[in-house]
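**Student:** Swiss-Prot lists 84 with the feature active site. According to Swiss-Prot, the feature Ca(2+) binding site maps to 76, 78. Here Swiss-Prot flags 83, 87, 93 as Zn(2+) binding site, drawing on experimental evidence. The disulfide bond annotation in Swiss-Prot covers 99-112.
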């Protein structure tokens, strides 16, 4: 199992959502685990951006996640955070997917509050991290 370390300190408004997203992913996949700490592989930031929230990542644990204030008021914040974290773990967007699919993101609309990856998403992450 690979441990990927994240730094939540630059997103003080989203500490609970970040912790929840990490817990969701940690309970959903076995080949990679997330933990908060120093010398981090990736970091969370917060602020205002007309593009909304996004992940700038290599798709294998490195980079950063930006959490947009306005989008997180409109959409379920734990879902947004878990979705962006999914990018750091290697998953692409799939906006046309249903609410049950985490990587459908904002596609199903603000009424969708599901923060959990589905079976296909979980197995994809496990496969991507099978060899470290």
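The backbone N, Cα and C atoms fix where each Cβ goes, glycine too.
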**Student:** Compute the mean position of the Cβ atoms of 83, 87, 93, which form the recorded Zn(2+) site, and then list in sequence order the other residues of that chain whose Cβ is within 8 Å of it.
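**Tutor:** For the Zn(2+) site, the extra neighbours are 55, 84, 86, 91, 92, 102, 103, 105.
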**Student:** How big is the Cα-to-Cα gap, in Å, between residue 93 (Zn(2+) binding site) and residue 84 (active site)?
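**Tutor:** Just about 9 Å between their Cα atoms.
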**Student:** Please report the Cα separation of residue 83 (Zn(2+) binding site) and residue 76 (Ca(2+) binding site) in Å, rounded to an integer.
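**Tutor:** About 11 Å separates the two Cα atoms.
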**Student:** At the Cα level, what's the spacing in Å between residue 112 (disulfide bond) and residue 87 (Zn(2+) binding site), rounded?
**Tutor:** 19
**Student:** Round to the nearest Å and give the CA-to-CA distance linking residue 76 (Ca(2+) binding site) with residue 87 (Zn(2+) binding site).
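**Tutor:** One finds 17 Å between the Cα atoms of these residues.
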**Student:** Of the recorded positions 84, 87, 99, which one has its Cα closest to the Cα of residue 78 (Ca(2+) binding site)?
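**Tutor:** In terms of Cα distance, residue 78 (Ca(2+) binding site) lies closest to 84.
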**Student:** To the nearest Å, how far is the Cα of residue 87 (Zn(2+) binding site) from the Cα of residue 99 (disulfide bond)?
**Tutor:** 17
**Student:** Rounded to the nearest Å, what's the C-alpha distance separating residue 99 (disulfide bond) and residue 84 (active site)? Just drop the number here, would you?
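**Tutor:** Answer for this pair: 15 Å between alpha carbons.
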